[in-house]
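Trainee: Okay, handing you the structure first.
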Amino acid sequence: MSTNTVPSSPPNQTPPAASGIATSHDHTKFNNPIRLPISISLTINDTPNNNSNNNSVSNGLGILPSRTATSLVVANNGSANGNVGATAAAAATVETNTAPAVNTTKSIRHFIYPPNQVNQTEFSLDIHLPPNTSLPERIDQSTLKRRMDKHGLFSIRLTPFIDTSSTSVANQGLFFDPIIRTAGAGSQIIIGRYTERVREAISKIPDQYHPVVFKSKVISRTHGCFKVDDQGNWFLKDVKSSSGTFLNHQRLSSASTTSKDYLLHDGDIIQLGMDFRGGTEEIYRCVKMKIELNKSWKLKANAFNKEALSRIKNLQKLTTGLEQEDCSICLNKIKPCQAIFISPCAHSWHFHCVRRLVIMNYPQFMCPNCRTNCDLETTLESESESEFENEDEDEPDIEMDIDMEINNNLGVRLVD
C-alpha cells in the first residue's frame, strides 16, 4: 500500500515557484503536507526495496504524470489507448519513463486532481457510456461555479438509504455516517472495502480526499469508482466486483465484469453488494446509499430560519435567565438550518449531539443542563398539560415578550 503525492514537475527536477497548484490545498496539519494531485493504490502489494526513494517505481505502482509528461493510459480491455487524456479514470495511469503499466482494471488507482487544471482539454476522462446514452449539454460558467465549492472542487455526498419496505432491520443495509468527498475535474474516487492497508494509506491524507470504503465483506477491495468531469457530471462504474453494483435497483454488470460509466443524478440510490447469510451480522450486509451532488444538500439560511433561531434563543433567555448560544454538548454554535432538539425545560442542543440521550431512556428524558426529568410522550390534552397552562394564566405572555424583543431588535414597532 502506498500513497504518492504527485509533484507538478518531473521527480528529478525542483518544482518551479509557480506550480499551478493552489496553495489552499496544502494541508499543514499533517506531518508531511499534502498537495494535490494525490494518488493511492488499494490493491497492489508494496515490494521491499533498499532504496526507499524508488519504492513507487520498483513496486509497479507508478505515479500520476506531471502536466507535461507523456503518459500511457490502460483502457478497460487492457490495451494502451493514446487518444485519451492523462487523467483517464477507468485505469491505472503511469509515466512511460517511470513505471510499467499494470494491465488490469483491478489495479485501478484512486487519484484526486486540483481545480483549474491547465489545458483542461488534454485531461479529459476516459468515459464509456452505455448504449443510447449521451453526455448532458455543456453548462455556462455561472452554473458551473455554483456546482463548485469555494476551492473550485466538485463534491459528492453519500448518506445511508433506509429501505422502509424491508420488514427486517438486517435487510436495511449497513449504517454509516454521511460521507462527503471533494475532487477536481478528471478525478477518480475508488469505492472499496476497508482494510488495515487502506487505513495506513488514507491516514496520510485529509478526509475529503479519502477513497469511499466500508467495513463489509460483501464489498470487493476495489469494488467500483466515481468519476467527475470538467462540467461537474459524476459517473459510477463497477470494476469487476463479485457481488455487484446496483444503480436504482438495476445491476450495472454481471459478476467479475467491468461495467460502463453510468451518469449519476441527485437522489439516485446505489447498492454495493448483496446481503450474505441473511445480513444478520453487520459485516455481511450490503451498503445502500443515496447520493447528492455538488453541494445540492446544503441549505441556505433565509429570514424564516434566522427568525426561528432567534425565537429559540429568546425563549431560553426569558425562561432560564441565561442566553445560550452554543450547544452545551459539542460546544459549537447553534446555527440556522441545523437540526435542533428543544426539551420542555427550554434548553436546546444539536439533535446529532443529544440523540443518544433521547433514545437511551425514551420516553423519559433528563436534561443534561438542569437535570429536569420529563416525559416526551406527554400529549397536549393531558391533565398535567392543562394544569400547567392554567398555572401560567397569570404569568406574562412569553410569546408576546419574544415577539416584542425580536421586533424591537429589528426596529419594528408593534401596532395593536
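Glycine is no exception: its Cβ is also placed from the backbone N, Cα and C atoms.
Sharing the feature lines straight out of Swiss-Prot:
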| type | residues | note |
| --- | --- | --- |
| REGION | 1-30 | region 'Disordered' |
| CROSSLNK | Lys150 | ubiquitin cross-link |
| DOMAIN | 189-252 | domain 'FHA' |
| CROSSLNK | Lys204 | ubiquitin cross-link |
| CROSSLNK | Lys217 | ubiquitin cross-link |
| CROSSLNK | Lys237 | ubiquitin cross-link |
| CROSSLNK | Lys240 | ubiquitin cross-link |
| CROSSLNK | Lys260 | ubiquitin cross-link |
| CROSSLNK | Lys300 | ubiquitin cross-link |
| CROSSLNK | Lys306 | ubiquitin cross-link |
| CROSSLNK | Lys313 | ubiquitin cross-link |
| CROSSLNK | Lys317 | ubiquitin cross-link |
| ZN_FING | 327-371 | zinc finger |
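Quick one: how deep are these features, and who are their neighbours?
Mentor: Around the Cβ of Lys150 (ubiquitin cross-link), 6 further Cβ atoms fall within 10 Å across all displayed protein chains. Under DSSP, Lys150 (ubiquitin cross-link) is assigned to coil, being neither helix nor strand in the three-state scheme.
In the three-state DSSP scheme, Lys204 (ubiquitin cross-link) is classed as coil.
Counting only same-chain residues six or more apart in sequence, the Cβ atoms lying under 8 angstroms from the Cβ of Lys217 (ubiquitin cross-link) belong to Arg193, Phe276, Ile283, Tyr284. Under DSSP, Lys217 (ubiquitin cross-link) is assigned to coil, being neither helix nor strand in the three-state scheme.
Following the DSSP three-state reduction, the secondary structure of Lys237 (ubiquitin cross-link) is strand. The Cβ of Lys237 (ubiquitin cross-link) has 25 other Cβ atoms within 10 Å, all protein chains considered.
All protein chains shown were included, and the count of other CB atoms within 10 Å of the CB of Lys240 (ubiquitin cross-link) stands at 20.
Look at Lys260 (ubiquitin cross-link): DSSP puts it in coil.
DSSP assigns Lys313 (ubiquitin cross-link) to a helix in the three-state reduction.
The DSSP breakdown of the zinc finger (327-371), given as helix, strand and coil counts, is 10 helix, 10 strand, 25 coil.
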Trainee: Please report the number of other Cβ atoms within 10 Å of the Cβ of Lys260 (ubiquitin cross-link).
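Mentor: Counting Cβ neighbours of Lys260 (ubiquitin cross-link) within 10 Å gives 18.
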Trainee: On the 0 to 100 pLDDT scale, where does the zinc finger (327-371) sit on average?
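Mentor: Result for the zinc finger (327-371): average pLDDT 86.
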Trainee: Enter the number of other CB atoms within 10 angstroms of the CB of Lys204 (ubiquitin cross-link).
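Mentor: Summing over all protein chains shown, Lys204 (ubiquitin cross-link) has 16 other Cβ atoms within 10 Å.
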Trainee: Count the other Cβ atoms sitting within 10 Å of the Cβ of Lys313 (ubiquitin cross-link), across every protein chain shown.
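Mentor: A 10 Å sphere around the Cβ of Lys313 (ubiquitin cross-link) contains 17 other Cβ atoms.
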